[in-house]
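Asks: Pasting a structure below so you can have a look.
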Amino acid sequence: MHERAGVPQAEQIEHRSNTSCVASLGARALAIYTRHMCIFSSCTGRSFQPIMAMIVLALLVAAMVSSPLVLAYDPSPLQDFCVADATSNVFVNGRVCKDPEQVTAADFALSGLHIAGDTANAVGSKVTLVDARAVPGLNSLGVSMARLDVAPGGLNPPHTHPRATEALTVVDGELYVGFVATDGKLFAKVLSGGDVFVFPKGLVHFEFNRGPCPAVAIAGLSSQNPGLIRVADGLFGASPNVSDEVLAKAFRIDTATARMIKAQFGTKS
C-alpha cells in the first residue's frame, strides 16, 4: 500500500480507520433498513422493493467514505488539563501545553470579574472576556465566559461568535436582547435579573439597555476561543477597507454616505 503524495502515513491510517467505521455503520444501517422492509412485505403481502432508498443510502455512505470525518466543536482534551504556554512560539489549533510540573492553581484562577467595566465609550458597553488568554487553564476545555456591562441607553452592538453558542444571564438591571436567524426572523426578549437567554452559535445578536439603570450580565460560551465579529465594525472598519461601492450597494446607500460612516470607524476610503 502506497502513501498518497504529501499526506503522512499516520494521517492516511487514521483516515482509513475513519473510513472503515463509516462504511461499517452504513452497511449496518442498510441491513437494518432492508430487514424492516422485508418484514413489511411479509406482513402486508405487498411487493415492496426499496431500490431507490438503497441507492440513495449507498450514495450517502460513499460520500461520507470519500472524505475525512470533521469535528464541529472544540476537540476534547486527552489529559486532565493542558494549561496554555504563553511563551511558546509554536502555532497549533488552540495553544501548546505548559509543562505539567510547572502548573499551579494560579493557572486556573482569575480575580476582578466583580469590577464594573468602563462603559464610557461610543456604544456605552464593555465586555470583559475570560478566555484561555486570561485563564490559561481553560485551554483545551472548550469553554469561556464574559462579563457584560451596559450603561443606560448603551448597546453591545450586533455581533457574532463564529465558534460558540452563548448563554447569557442578567445579574442586574434590564436588557433587551435578541438574535436573527438565517431566514431573517428576529427572536428578541426583555430580560431582568435572573433571566437567561441563549444565542445559537454563529448567529448575529445584540444586547441593549433601554432601562434607567446600568445593567450587568454574565455569559457562558461553548469555546475557549469563541471569536468576535461586530457587524458594523467588520464592514465599515475593515482593514484594508471594503470599497465604497460594495457597501453602498449592500446597504442601499450612496458612496458619500458609505464614506461618512467609514469615518466614524476611523477608516478612510
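Each Cβ is built from the backbone N, Cα and C atoms, and glycine gets one as well.
Sharing the features that TrEMBL gives for it:
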- Asn156, His161, Glu166: oxalate binding site (BINDING)
- His159, His161, Glu166, His205: Mn(2+) binding site (BINDING)
- Cys82-Cys97: disulfide bond (DISULFID)
- 111-259: domain 'Cupin type-1' (DOMAIN)
- 51-73: transmembrane segment (TRANSMEM)
Asks: What other residues of this chain sit with their CB within 8 A of the center of the CB atoms of Asn156, His161, Glu166, the recorded oxalate site?
Replies: Val127, Ala146, His159, Thr160, Ala164, Leu168, Phe199, His205, Glu207, Ala219, Leu221, Pro226, Leu228
Asks: Of the binding-site residues Asn156, His159, Glu166, which one has its Cα closest to the Cα of Cys97 (disulfide bond)?
Replies: Glu166
Asks: Whole-number answer please: how many Å between the C-alpha atoms of Glu166 (oxalate binding site) and Cys82 (disulfide bond)?
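Replies: A Cα-Cα distance of 23 Å.
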Asks: Go ahead and report the DSSP secondary structure tallies for the domain 'Cupin type-1' (111-259): helix first, then strand, then coil.
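Replies: Looking at the domain 'Cupin type-1' (111-259) with DSSP, the answer is 22 helix, 58 strand, 69 coil.
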Asks: According to DSSP, which kind of secondary structure is Cys82 (disulfide bond) found in, if we only use helix, strand and coil?
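Replies: Once the DSSP labels are grouped into three classes, Cys82 (disulfide bond) ends up as coil.
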Asks: Near His159 (Mn(2+) binding site), how many other Cβ atoms are within 10 Å of its Cβ?
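Replies: A count of 19.
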Asks: How many whole Å apart are the CA atoms of Cys82 (disulfide bond) and His161 (oxalate binding site)?
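Replies: Cα to Cα, Cys82 (disulfide bond) and His161 (oxalate binding site) are separated by 23 Å.
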Asks: For the disulfide-bonded residues Cys82, Cys97, which one has the sparsest Cβ surroundings, going by other Cβ atoms within 10 Å?
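Replies: Output over disulfide-bonded residues Cys82, Cys97: least Cβ neighbours within 10 Å is Cys97.
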Asks: Could you say whether, by DSSP, Cys97 (disulfide bond) belongs to a helix, a strand or a coil region?
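Replies: It is in a strand.
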Asks: Please list, in sequence order, every residue of the chain apart from His159, His161, Glu166, His205 whose Cβ lies within 8 Å of the Cβ centroid of the Mn(2+) site.
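Replies: Neighbours found: Thr160, Ala164, Phe179, Phe199, Leu203, Val204, Pro226, Leu228.
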Asks: Quick check on the binding-site residues His161, His205: which one has the highest count of other Cβ atoms within 10 Å of its Cβ?
Replies: His161
Asks: Suppose you look only at the domain 'Cupin type-1' (111-259); what would the mean pLDDT be?
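Replies: Average per-residue pLDDT within the domain 'Cupin type-1' (111-259): 96.
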